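A.B. asks: Structure in structure tokens, see below.
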Amino acid sequence: MAGAAMSGTCAGAAGGDGDDSLYPIAVLIDELRNEDVQLRLNSIKKLSTIALALGVERTRSELLPFLTDTIYDEDEVLLALAEQLGNFTGLVGGPDFAHCLLPPLENLATVEETVVRDRAVESLRQISQEHTPVALEAYFVPLVKRLASGDWFTSRTSACGLFSVCYPRASNAVKADIRQHFRSLCSDDTPMVRRAAASKLGEFAKVLELDSVKSEIVPLFTNLASDEQDSVRLLAVEACVSIAQLLSQDDVETLVMPALRQAAEDKSWRVRYMVADKFSELQKAVGPKITLNDLVPAFQNLLKDCEAEVRAAAAHKVKELCENLPIEDRETIIMNQILPYIKELVSDTSQHVKSALASVIMGLSTIVGKENTIEHLLPLFLAQLKDECPEVRLNIISNLDCVNEVIGIRQLSQSLLPAIVELAEDAKWRVRLAIIEYMPLLAGQLGVEFFDEKLNSLCMAWLVDHVYAIREAATNNLMKLVQKFGTEWAQNTIVPKVLIMANDPNYLHRMTTLFCINALSEACGQEITTKHMLPIVLKMAGDQVANVRFNVAKSLQKIGPILDTSALQGEVKPVLQKLGQDEDMDVKYFAQEAISVVAQRLRKLDFPVNDSEEPSVPWVDKSHFPRPRVPGEDTGKGPAYQLHGNTRDTLAQLEIAELVHFSQSRD
């Protein structure tokens with residue numbers, strides 16, 4: 001029936017009246033039945049267009065029944081359909097007709113593919129808010145009951161996500177029926193259904209009356225927390241947070257804590273892991289008294305758990321636990337009950353545990369104060385700075401600002417330097433990249449004298465690293481250092497070393513000089529750029545490698561706004577005009593781009609510019625540069641020069657050159 005109706009719709013849409021404007025709609029409707037999955041998918045994604053063309057009545061009477069019958073389509077088509085229907089209320093006539101969308105979504109909520117079911121449930125939840133209370137009880141609640149009592153587990157799992165949205169607006173008689181259906185799902189024979197019920201238990205508890213929470217939800221929670229399947233028990237831990245927030249301290253102690261204590265010592269490491277992962281939320285939910293009596297001892301056990309995953313999850317929560325302790329007892333509890341276990345984790349056998357601890361331990365210094373930090377935490381920091389695992393050392397260095405606020409970084413400087421050097425020379429380029437990103441922070445904390453003496457050489461060495469990402473990060477690092485230490489420091493310390501690289505035999509290093517000048521020019525200002533950097537850039541315009549020459553043009557375009565009029569007109573423009581006549585197509589293109597920018601700059605400064613002085617190359621297609629080469633042509637240039645033809649992206653060009661022509665290998 002639906003298929004026949006839609007066939008008629010197709011003819012009607014293209015119409016006997018000869019209205020060609022609706023022809024695309026007819027095509028979309030026809031594609032809904034096409035054998036090609038991609039065509040059906042495209043049509044489903046434009047379902048709102050079809051509905052608008054059909055009108056609300058025909059959408060309700062023809063399109064929706066047809067869609068209800070497409071339940072056996074490919075998963076990706078069904079997923080798109082479930083997503084579209086969630087926003088369809090206005091296209092079927094508004095909230096009064098929202099119930100018309102329930103049949104196709106009900107079918108989608110029963111399919112085997114989990115992603116489709118979840119999206120259908122999400123759309124049903126969305127549509128439920130648009131039902132009136134009467135329509136909700138007449139159409140939506142019966143749908144939930146049908147799903148909850150379905151033969152297949154798929155429909156029952158979908159039902160679990162719908163109870164919380166229909167319960168608040170239902171009448172008391174219907175509420176009791178809804179609670180009964182939820183109870184039956186919590187004791188379902190199928191573990192997948194119990195899992196779904198456990199995952200929605202906390203959400204459902206939030207919309208229930210307090211008496212119902214105590215009399216019905218808590219027993220369900222207790223049963224799920226002792227389920228034979230650990231995948232159910234670990235989800236009950238999440239529900240524990242929501243339930244504890246609803247109850248008084250006495251009720252939490254009586255009704256919730258027995259199950260939580262059991263979960264913290266569960267035989268399954270996955271359940272214990274969930275307790276550790278949710279520890280901060282649990283701590284806030286149960287309150288300070290229960291935290292001191294029950295959670296702190298449980299946390300100690302988690303920190304010394306036999307499974308590394310559990311210890312790592314608990315280690316991640318050390319700082320949050322300490323922050324949330326009662327202020328009056330905080331220092332005592334940390335020093336006596338938490339710190340001894342932290343000391344053991346510093347030398348843990350698992351690098352994941354040590355790395356997790358290193359990411360948060362520095363934050364304890366602001367909590368325990370200066371004296372305790374120096375006496376108890378400082379030795380731990382120093383031990384972790386010497387750890388064999390680079391991630392541990394990196395996590396300590398990345399959080400140095402916490403210690404700097406409390407005791408100053410000088411206490412760590414002697415141990416810090418070897419750790420920084422090792423990380424800077426690590427075989428893994430991502431480790432080197434990470435330490436570069438923290439260098440400006442370290443420089444600000446250590447001071448300019450310490451930096452010049454110990455770390456300056458490292459920063460310069462990164463500029464000639466064989467990985468482009470490192471050289472790029474090192475360039476940005478220099479700019480941040482200049483912003484921190486000032487232009488005078490840059491002129492005396494950094495700029496001379498950068499400019500020396502312009503004579504390096506490796507063309508990649510010469511190009512790095514240009515990248516550094518691009519980055520430093522703005523930070524250093526006009527005087528240093530004009531006096532020290534510009535002559536080097538102009539000199540490099542005669543480089544034998546075309547890659548360098550067209551980057552000279554790009555650099556002149558970049559630093560042009562910083563230079564004064566006389567430098568632009570007298571020095572930059574002649575060089576760009578010469579590059580504009582270069583034999584290389586890419587050099588010529590970038591030179592023309594730079595000339596155009598420089599000319600605009602001069603006009604803004606009211607400097608007379610002759611159009612004839614702004615040469616153009618009308619035959620150059622700026623979107624594509626074919627590079628004519630006679631087969632077997634010997635250009636007389638090196639392989640890196642010949643490689644770059646048609647290259648527009650400097651980064652890609654550099655990486656290709658490295659891979660093909662240089663013996664250094666990536667990490």
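The backbone N, Cα and C atoms fix where each Cβ goes, glycine too.
Checked TrEMBL, it gives:
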- 24-62: repeat 'HEAT' (REPEAT)
- 101-139: repeat 'HEAT' (REPEAT)
- 178-216: repeat 'HEAT' (REPEAT)
- 217-255: repeat 'HEAT' (REPEAT)
- 245-476: domain 'TOG' (DOMAIN)
- 256-294: repeat 'HEAT' (REPEAT)
- 295-332: repeat 'HEAT' (REPEAT)
- 338-376: repeat 'HEAT' (REPEAT)
- 377-415: repeat 'HEAT' (REPEAT)
- 416-454: repeat 'HEAT' (REPEAT)
- 494-532: repeat 'HEAT' (REPEAT)
- 533-571: repeat 'HEAT' (REPEAT)
- 572-607: repeat 'HEAT' (REPEAT)
- 616-640: region 'Disordered' (REGION)
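For each feature listed, report its degree of burial, its nearest neighbours and the pertinent distances within the displayed model.
C.D. replies: Per-residue pLDDT, averaged over the repeat 'HEAT' (24-62), rounds to 76.
For the repeat 'HEAT' (101-139), the residues of the chain that approach it from at least six positions outside its boundaries are 64, 67-68, 71, 75, 78-79, 81-83, 85-89, 92, 95, 146-147, 150, 152, 154-155, 157-158, 161-162, 165-166, 169-171, 174, judged by C-beta separation under 8 angstroms.
Sorting the repeat 'HEAT' (295-332) by DSSP state (H, G, I as helix; E, B as strand; all else coil) yields 30 helix, 0 strand, 8 coil.
Same-chain residues lying 6 or more positions outside the repeat 'HEAT' (416-454) and placing a CB less than 8 Å from one of its CB atoms are 385-386, 390-391, 393-394, 396-398, 400-401, 404, 409, 461-462, 465, 467, 469-470, 473-474, 477, 480-481, 484-485, 489, 493, 666-667.
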A.B. asks: Near the repeat 'HEAT' (338-376), which residues from the same chain, at least 6 beyond its ends, have a CB less than 8 A from one of its CBs?
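C.D. replies: Counting only partners 6 or more residues beyond its ends, the repeat 'HEAT' (338-376) has Cβ contacts under 8 Å with 296, 299-300, 303-304, 308-309, 311-313, 315-323, 330-331, 383-384, 387, 389, 391-393, 395-396, 398-400, 402-403, 405-407, 411.
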A.B. asks: Sequence-remote contacts (6 or more beyond its ends) of the repeat 'HEAT' (178-216), Cβ cut-off under 8 Å?
C.D. replies: 141, 144-145, 148-149, 153, 156-161, 163-164, 166-168, 170, 223-224, 227, 229, 231-232, 235-236, 238-243, 246-247, 251, 255
